[in-house]
Amino acid sequence: MASDTPESLMALCTDFCLRNLDGTLGYLLDKETLRLHPDIFLPSEICDRLVNEYVELVNAACNFEPHESFFSLFSDPRSTRLTRIHLREDLVQDQDLEAIRKQDLVELYLTNCEKLSAKSLQTLRSFSHTLVSLSLFGCTNIFYEEENPGGCEDEYLVNPTCQVLVKDFTFEGFSRLRFLNLGRMIDWVPVESLLRPLNSLAALDLSGIQTSDAAFLTQWKDSLVSLVLYNMDLSDDHIRVIVQLHKLRHLDISRDRLSSYYKFKLTREVLSLFVQKLGNLMSLDISGHMILENCSISKMEEEAGQTSIEPSKSSIIPFRALKRPLQFLGLFENSLCRLTHIPAYKVSGDKNEEQVLNAIEAYTEHRPEITSRAINLLFDIARIERCNQLLRALKLVITALKCHKYDRNIQVTGSAALFYLTNSEYRSEQSVKLRRQVIQVVLNGMESYQEVTVQRNCCLTLCNFSIPEELEFQYRRVNELLLSILNPTRQDESIQRIAVHLCNALVCQVDNDHKEAVGKMGFVVTMLKLIQKKLLDKTCDQVMEFSWSALWNITDETPDNCEMFLNFNGMKLFLDCLKEFPEKQELHRNMLGLLGNVAEVKELRPQLMTSQFISVFSNLLESKADGIEVSYNACGVLSHIMFDGPEAWGVCEPQREEVEERMWAAIQSWDINSRRNINYRSFEPILRLLPQGISPVSQHWATWALYNLVSVYPDKYCPLLIKEGGMPLLRDIIKMATARQETKEMARKVIEHCSNFKEENMDTSR
């Protein structure tokens, strides 16, 4: 079962401070520059958390705006101490690192910070005496500086600049540096000379860097415990160097199988060398490699029985010489992952759910190209089979979507996987907190990636949630995104259909403040434009019907939205739809329901008082469409118009008396036990028609409506009628001289129903 644990006080305080920087930690010096309050001192635990959480909020939160001078809060180590920070994406620029250059950083991770230039290399020197861990993964421009080819020093003259590779920077002076990640650097960075000054490297990541001569790695053969050479084109020479690094505990020579043609194949001899020469090895990743058949035993030879991780039983022959099982073995898109006996506690691969989840976990941060394919496999598992590690799967997909907000493949596969992982089959296993995280990343995807497949997947995933309840915490944002999707210039019918359905659900069963806010966002106008487009195409489909239904819901007891409907030619569209689609019963019901809402607004009723409109409403009294619904709603519209009295009847034809007679006839033709396709949140608009004598037919319609609802749905509507004070009003009708006898009889029956209901449900326990 799912359980919700509250956020820690530290997490809540951090979030609040970051969202209110100039009201908590700092103040604005000149309307834009942040400064820390002079009486504040923050230790490293708090400062590190503030910076790392800030980066997370900028990259993952929808409603969080980065502050240009945020890093200036940490410029003075006498009041703030930074030690371990992780920065990513375009958020970080040269001036941000410059702002914190006086800090004694121990750990600095810069991931895909493409806006950093060679200026930041000089800033890095400021941390040289304290830095132990440094990652420059994906910072592809940090070894470039701009050069003015004209040699002109006047910065106001327009001269094009070109980027020049910095070749004289080295890690000279970084005496404490032990962990270094240079993954995804450009190929022509002189890695060997760059690294030569580092005497005691323990971990090195050269992912994606090509070097034909790896002999320089041997200078750390007595210290290097982790080496990552992902997507490096290997040769026998590389292998000869690697096996000299006898202290290695983690070796990653995996590759992206789809990246390029690759001649090197892992042989039985190479794997045997790793086992023999690298005796401390605990983790090995050979994902994506072609493996020669002589590396494994045949299916026929594999030992029967339960799978084993004991090296002696290994289906991979060279690994039988291992002293103990590996902690991790990367075999994603590698034929060895399908063997039965693999000597490792954790295996990444594509054979089963466990291997696929291990792959997503291992590769998400730095290898989106691999992660997207692993998530695609998870999608198939969730779609065709059953996901047995649901919570782990959901958390991993959420992390991947947060981490790679602008990666199309991740967004497509991740949003598709979420659709299956959040469906009703798995619902009881998910906490409110986790489901909210899903909603956040889905909305992030819709916001960041305007692509048809992503948008469709995200909309479908939102359909798995209880609407509007589960989306209420992001109510405004989700409506804005859906309305942008419904822009009529977009032609994708399937997305339109899902988005209109969601919009309709979002404005159903919410309070009037929400409806008014959504109306001001352009909801009413957007729906009318969709209807207009469908009319031009002479098409009455789900989009058309959902659009009218959404308008019916959003105008319920919301006068501003009703007025908007009238102001933007809503009545013309109503008449045109009625004429173009005379047989569409569902459409007629939705349109008349909406007009019932408009008619409830006294100030707007004069706009309905035209011969054309009154004639249309009168004719619809005889409609048998959708049971009694169209006739009932048409009568409701006319009841409110009649309620304004004879003096408000501003048309000669049809005459008021004639319409009144048709209304009486229609009401008498309805079956009082009719099941209804309607949902009243309040009886207030009906109840206001009871205490009056100016229009007995309106009073009768209102009484009939109450009698029908309390008869057919007593559990729902008896308490509502009692709560809203309907009983005294009905008793007054019985005493009224102007009320018709049949109306009085009906009022008595309503009172009787509600009285019986109260007695039956009275609690007599002691």
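Cβ coordinates are placed from backbone N, Cα and C, and glycine is handled just like the others.
The N-acetylalanine annotation in Swiss-Prot covers Ala2, and the record cites a large-scale study or a structure entry as its basis.
Same-chain residues lying 6 or more positions outside the repeat 'LRR 1' (226-245) and placing a CB less than 8 Å from one of its CB atoms are 179, 181, 183, 202-215, 217-218, 220, 251-256, 259, 262, 264, 270, 273-274, 277-278, 285, 366-367. What Swiss-Prot records for 226-245 is repeat 'LRR 1'.
The annotation repeat 'LRR 2' is assigned in Swiss-Prot to 246-268. Within the chain carrying the repeat 'LRR 2' (246-268), a Cβ under 8 angstroms from the stretch's Cβ atoms is held by residues 203, 221-235, 274, 277-292, 294-295, 317-318, 330, 332-333, 367, 369-370, all 6 or more beyond its ends.
Across the repeat 'LRR 3' (278-302), the model assigns an average pLDDT of 87. The repeat 'LRR 3' annotation in Swiss-Prot covers 278-302.
Look at Swiss-Prot and you will find 427-467 tagged as repeat 'ARM 1'. Outside the repeat 'ARM 1' (427-467) by six or more residues, the chain places 1-5, 60-62, 390-391, 394-395, 398, 401-402, 405-406, 408, 411-412, 414-416, 418-419, 473-474, 477-478, 481-482, 485, 492, 494-495, 498-499, 501-502, 505-506 with a CB less than 8 A from a CB of the stretch.
Feature annotation from Swiss-Prot assigns repeat 'ARM 2' to 511-556.
The repeat 'ARM 3' annotation in Swiss-Prot covers 558-600.
Annotation comment: Swiss-Prot describes 602-643 as repeat 'ARM 4'.
Below 8 angstroms of C-beta separation, residues 680, 682-684, 687, 690-691, 693, 696, 699-700, 703-704, 706-707 of the same chain, each at least six residues beyond the ends of the repeat 'ARM 5' (714-756), sit close to that stretch. Here Swiss-Prot flags 714-756 as repeat 'ARM 5'.
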